[in-house]
Amino acid sequence: MKAVIFAYHDMGCVGVTALINAGYTIEAIITHPDAPSEKTFFGSVARIAAEHNIPVFVPDDVNHPLWIARIKALAPDVIFSFYYRQLLCQDILSLPTVGAFNLHGSLLPRYRGRSPLNWVLVNGEQETGVTLHRMTARADAGAILAQRSVAITLQDDALTLHRKLCEAAAGVLEKVLPAIREQRCTETPQDESIASYVGHRTPEDGRIDWGQPAATLANLVRAVTDPWPGAFSYAGGEKFIIWKAQVRPNSADAQPGTVLSIDPLVIACGSDALEVQTGQSQQGVYMQGGQLAHALGLVKGALLNPRPLVSHKRRTRVLILGVNGFIGNHLTERLLRDGNYEIYGLDIGTDAISRFMVNPLFHFVEGDISIHSEWIEYHIKKCDIVLPLVAIATPIEYTRNPLRVFELDFEENLKIIRHCVKYQKRIIFPSTSEVYGMCTDPVFDEDDSSLIVGPINKQRWIYSVSKQLLDRVLWAYGEKEGLRFTLFRPFNWMGPRLDNLNAARIGSSRAITQLILNLVEGSHIKLVDGGAQKRCFTDISDGIEALFRIIENKDNNCDGQIINIGNPDNEASIRQLAELLLASFERHPLRQHFPPFAGFRDVESSSYYGKGYQDVEHRKPSIRNAKRLLGWAPSVPMAQTIDETLDFFLQTVDLPDAAQ
């Protein structure tokens, strides 16, 4: 059986060796060059390939059409991936006749993603293992062929556990490779209800928070100990690394981080204490804990810190253009509640943000982005993060005022992007679910779905294309000039303060606000083309929490990423939305103060939106990136969002004094 192997690290060596021993014909091995910044403690797949006269390649992008063609020419029966660090595209996965299989270092479906070896130790797990599974477009989600569990003892660290997993992998492959060759394997689908995801770990993850329990910190130490970068803290301004530690019972009422004794070196934690058995200072060598304490000049009662004392952390300055808008005002509320951010905002109105005006961390200027260009450039230079939230985003305006949409949504935002490039400021840019256009995928994926729009004479696409081009410009600036950016794509966010009823009166609002106005005024609810179009509605609180995590950007893992933010479980047609809204309206305490329901009326899109409109039948997001990068998933059901949105708008209507 002919195989093409994607492999790296010790697990790659184990996999290649197992295939050789099992009698597979290896047509090619694709691997990575060793990175100068990475401590190379593991075996070389390339060396094994050379010793066995197997062609070996190190492409920059294995998913490039040229490499896909080369792999196709090899006509593999089977593909194996052993700790290869790049996801393989569907075009590659579909090449082998038997299938493509991946070796993963956990007991799937738990701990999908990167670095499961370290994560299981961080989380104090007592068992892990290895899994050979069929590869699918979703990482680590395919059916399982074989697994082997590995016990984790308190004496295990990342390196000893890594060696155990390599041994387990060799055993799994020895058993299952003949069955794959003879095509007599049984496969078990993964249980999605217990799936979990973990992200890539960086050296920053080794920073010690002494407020955590000692057991948690001991797990962190063993999870990232040598040859990984290590768990670290600071004594004054000097960094030191802890290589080995153990929990010590402690009932003393001491502040976390306090040195309780020097030899042994024992430090108070959130509960119990941590004894440092070995470690080293930043400029020192590996040494015993007591000697490390002397080298650092520690005394009993000294206080250790997660960061050097000499560095004063100021609040992060965030510039929000369009701060009075739906997303802007809700985001401002979340950032101010956190307390670590200072907000600078610009908008042409203040109705939604008046509640923030007394907050000393909120600075507002009333103005237009097309006029206040100097103020904007100055504050881009001054701030750390820029969110340009100004845009015309109501469908009727795409056909009513297409040039204004282009001028504001594209031209003005392009100026802001270029200022961010000039001053090297991080930009978090609101893309849109509209960029997917008429994509036929069942779910829209940020990295793989095609962006399909209609003909030029359908002017409604000017918004989608303007946003898409800005997405591409940002991506190019990131690739060519190092711009730090994140694109987020909201999918039908709803909630209080979404537009206003006055905007709805002139047709310039989103769907739910327009529907509420119809109920308030007793006019027909117009369902464009029968309201059959399906959308996935997302509560504003869910959306803002995801956006807040993008701003936090832990581990910088949102840099250069595109992230859908939506709720695929809240899919409903516009007609269903209207029916749910009507039911909520009928049971509302203020219902009696409004006219009778006038009924639904189906209208053609051309009569409602005008010439040049074209609709989209469905729009459902993949939120794989949001789960993986943010640890986020939506939780608010659509019925709750509808109730809260309706109540907010009904409370804004002027009613007779008795009703008030």
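Each position is counted from 1, following the chain as shown.
Positions of Cβ are set from backbone N, Cα and C atoms, glycine also.
Taken from Swiss-Prot, the feature active site, proton donor covers His104, Arg619. For Asp347, Asp368, Ile369, the entry in Swiss-Prot reads NAD(+) binding site, with the evidence type sequence analysis. The UDP-alpha-D-glucuronate binding site annotation in Swiss-Prot covers Ala393, Tyr398, 432-433, Arg460, Asn492, 526-535, Tyr613 and rests on sequence analysis. Summarising the annotation, Swiss-Prot assigns site 'Transition state stabilizer' to Asn102 and lists sequence analysis as the type of evidence. According to Swiss-Prot, the site 'Raises pKa of active site His' annotation covers Asp140.
Overlay of Swiss-Prot annotations on the structure.
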residue: Asn102; record: site 'Transition state stabilizer'; contacts (Cβ under 8 Å, 6+ apart): Phe80, Ser81, Phe82, Leu132, His133, Arg134, Met135, Asp140, Gly142
residue: His104; record: active site, proton donor; contacts (Cβ under 8 Å, 6+ apart): Arg112, Pro116, Val130, Thr131, Leu132, His133, Asp140
residue: Asp347; record: NAD(+) binding site; contacts (Cβ under 8 Å, 6+ apart): Leu321, Gly322, Val323, Asn324, Gly325, Gly328, Ile353, Phe364, Glu366, Gly367, Val390
residue: Ile369; record: NAD(+) binding site; contacts (Cβ under 8 Å, 6+ apart): Leu321, Gly322, Leu346, Ile376, Pro388, Val390, Leu408, Glu412, Ile416
residue: Ala393; record: UDP-alpha-D-glucuronate binding site; contacts (Cβ under 8 Å, 6+ apart): Asp409, Thr432, Tyr463, Arg510
residue: Ser433; record: UDP-alpha-D-glucuronate binding site; contacts (Cβ under 8 Å, 6+ apart): Phe444, Arg489, Pro490, Phe491, Asn492, Asn564, Gly566, Arg619, Pro621
residue: Lys526; record: UDP-alpha-D-glucuronate binding site; contacts (Cβ under 8 Å, 6+ apart): Asn518, Arg601, Asp602, Val603, Tyr608
residue: Asp529; record: UDP-alpha-D-glucuronate binding site; contacts (Cβ under 8 Å, 6+ apart): Asp602, Val603, Glu604, Ser605, Asp615
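In this structure the C-alpha atoms belonging to Asp368 (NAD(+) binding site) and Ala532 (UDP-alpha-D-glucuronate binding site) are separated by 37 Å. Long-range neighbours of Ala532 (UDP-alpha-D-glucuronate binding site) (same chain, six or more residues apart, CB within less than 8 Å of its CB): Ser573, Ile574, Arg575, Glu617. Burial estimate for the recorded positions (Asp140, Asp368): highest at Asp140, by number of other CB atoms within 10 Å.
Asp529 (UDP-alpha-D-glucuronate binding site) carries a helical DSSP state (H, G or I).
Long-range C-beta contacts of Arg535 (UDP-alpha-D-glucuronate binding site), restricted to its own chain and to partners at least six residues apart, with a cutoff below 8 Å, comprise Phe491, Asn492, Ala511, Glu571, Ala572, Ser573, Ile574, Leu577, His618, Arg619. For the recorded NAD(+) site, residues Asp347, Asp368, Ile369 set the reference point as the centre of their Cβ atoms, and the other residues of that chain within 8 Å of it by Cβ are Leu321, Gly322, Leu346, Ile348, Gly367, Ser370, Ile371, His372, Val390. The secondary structure of Ile369 (NAD(+) binding site), as reduced to three states from DSSP, is coil rather than helix or strand. Around Arg619 (active site, proton donor), taking its Cβ as the centre, 21 other Cβ atoms fall within 10 Å, counting all chains.
Here NAD(+) is bound by Asp347, Asp368, Ile369 per the record. The longest Cα to Cα distance in that group is 8 Å.
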